[in-house]
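Trainee: In case it helps, TrEMBL gives these features for our protein:
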- 12-33: transmembrane segment (TRANSMEM)
- 45-67: transmembrane segment (TRANSMEM)
- 134-153: transmembrane segment (TRANSMEM)
- 165-190: transmembrane segment (TRANSMEM)
- 202-220: transmembrane segment (TRANSMEM)
- 241-264: transmembrane segment (TRANSMEM)
- 290-310: transmembrane segment (TRANSMEM)
- 361-382: transmembrane segment (TRANSMEM)
- 394-417: transmembrane segment (TRANSMEM)
- 423-441: transmembrane segment (TRANSMEM)
- 486-507: region 'Disordered' (REGION)
Amino acid sequence: MEETETEPRKHAMGFISCTSYVVGNIIGSGIFITPGSILEQTGSIGLSLAVWTGCGLVSILGSICYIELGTSIPDPGCDFAYTCFVKWHSLAFAFMWVSVLMTYPASAAVQAQTFGQYIVEGFSISLHGVWQEVVTRSTGFIVLALLTLLNFYSLEKYAARFQVVVTFAKMIAMAIIIFTGLYLLVFKGWTHRLDQPFQGSIWHPGPICLAFYGGLWSYAGWDVLNYGTPEIHKPRRTMPLALLTGILIVMITYILINLAYFVVLDVTVIKNSDAVAADFARAVLGNFRYAIPFMIAILLIGTLNSNIFVGSRYMQAAAWQGHLPPFISCIHGPSGSPRMALLCQSLLTIAISFVDTDSLINYVTFVMWAQRVVTMSALLWIKFRHIQVDPGAIRVPLVFSILFLVISIALVVVPLIQETKVTLIGIGIVLSGLLFYYPFVHSKHLPLILSKVNDWATQSTERFLFSERNLRKAKQLNEVENDEYLNDGELDRLRTDGSSPEPPSRL
């Protein structure tokens, strides 16, 4: 039901908190790594800036479509929730399998480990042998544990406010680079590198598509609010404002910071650099270059905090839908925090940090856009079938949905052609989830031993994490929608107001 003026959510996030999550989740290490690869693919400064601008516009287009999805289906879990809404449960589980168990933990593991590396570098810690790696990993695990503990408590009071502070600090770090570059451009006349901005441009479709793929990777994360829609105050108003404001802030920041790079550094330097910000600092910031590791560490804290929020809400949503064990859906009543989902997310992050995360991320990178294809197909299915959604939904023109679907399909096809082996492995990982879906989710009866394990785990979660079971109405819908005693009108009522008869037992 649509939230009213007189019924505010107890732990809801407002415009500033939501915007900080959007900005904080998008701006990560990509802006320090990707500029060189995009310049390599485009061949010129002008075309490179055009790609960064185009990627921002594609992200805005996607966010407009996801605003309609988030207000039409105000459930947590983003793509997973929307795919389940149209009853494509096997597809939803397959993508959830990759995202919950691999993608988000791997991303968080990389962020935590990179944080440790920059802190160790910033303090010039040099140890012999394996101890260097031990200290680096331990530093990353400590910040992961602290952020997880922070998210154990009220989102609005603690985690969201912390995200605002970290995002503000992150923007200050970006501003230092931007204003230095603009100062040298405007007041010192450093314009010689910009005299012929499109010289050497590569206009072939293949390289330009790859450049867009890299740029959109740097913009990834704009859908963060769709993972926790019930935790947003007045989502019909807040989501559009926060999403569009956040993406515009990131878009302007990315364009200006790339312009600053081009003012100071030669094109060949940027193309061959794995750390453009460090090269920029060494060139013009003097002793301030020693602060760069700490600036990037602050940036990574904000991104990691957003990742923890997204991953835990995705996992919680899957449990609400009955696709993961019910104890993961438990929440801490006073704070509304999904403590068990947060704990599971952190443990998976620690475990996956000991494997080759770079290769794993390469395998599942295309999954994000494949999931976008499925989600946009679900939105079009809802539109063409006139499926009833939340009455407070924001409707967007059909052409936006079709255009974003076409772009998403293109971004799935490109890596399939360019990196066929890696992409096929990723597809295999997604499909492997179906091996678990049919016996453990689709089946009407769980093995008795698993039912007992579920009960024990739920009771332990309630006791030790002070949480309570919170299975979602969608799981009830899965179990009762084929019940002969329910007619279409009762199913519609279940979708819209959450009321339902007691679902039949699975045992």
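The backbone N, Cα and C atoms fix where each Cβ goes, and this holds for glycine too.
What's the neighbourhood like for each of these?
Mentor: Long-range Cβ contacts of the transmembrane segment (45-67) within its own chain (Cβ-Cβ under 8 Å, at least 6 residues beyond either end) map to 35, 38-39, 78, 193-194, 197-198, 201-203, 208, 211-212, 215-216, 218-219, 222-223, 226, 239-240, 243-244, 247-248, 250-251, 254-255, 258-259, 262, 267, 372, 376, 379, 394, 396, 400-401, 403-404, 407.
Listed by sequence, the residues of this chain that lie at least six past the ends of the transmembrane segment (134-153) yet keep a Cβ under 8 A from its Cβ atoms are 108, 112-117, 119-120, 125, 127, 159, 162, 301, 304-305, 308-309, 312, 332, 335, 337, 339, 342-343, 345-346, 349-350, 353.
Residues 20, 23-24, 27, 31, 249, 253, 256-257, 259-261, 263-264, 277, 280, 284-285, 288, 295-296, 298-299, 301-302, 305 of the same chain lie 6+ residues outside the transmembrane segment (165-190) yet bring a C-beta within less than 8 angstroms of a C-beta in it.
The list of residues near the transmembrane segment (202-220) in space but at least 6 beyond its ends in sequence, with Cβ under 8 angstroms from a Cβ of it, reads 26, 28, 30-31, 34, 37-38, 41-44, 47-48, 51-52, 54-56, 58-59, 247, 250, 254, 365, 368, 410-411, 414-415, 418.
Outside the transmembrane segment (241-264) by six or more residues, the chain places 15, 18-23, 26-27, 31, 35, 45, 48-49, 52-53, 56-57, 59-60, 63-64, 66-67, 171, 174, 177-178, 180-182, 184-185, 190-191, 193-194, 218-219, 222, 225, 270, 276, 280, 283-284 with a CB less than 8 A from a CB of the stretch.
Beyond the ends of the transmembrane segment (361-382), by six or more residues, the same chain brings 62, 65, 68-69, 72, 79, 82-83, 85-86, 88, 91, 95, 98-99, 102-103, 106-107, 110, 217, 220, 389, 398, 401-402, 404-405, 408-409, 411-412, 415-416, 419, 422-423, 425-426, 429-430 to within a C-beta distance below 8 angstroms of the stretch.
Long-range contacts of the transmembrane segment (394-417) within its own chain (CB-CB distance under 8 A, at least 6 residues past either end) are made by residues 58, 61-62, 64-65, 67-68, 71-72, 209-210, 212-213, 216, 236, 240, 365-366, 369-370, 372-373, 376-377, 379-380, 383, 423.
Sequence-distant contacts of the transmembrane segment (423-441) (same chain, at least 6 residues past either end, Cβ-Cβ under 8 Å): 89-90, 93-98, 102, 322-323, 363-367, 370, 415-416, 450.
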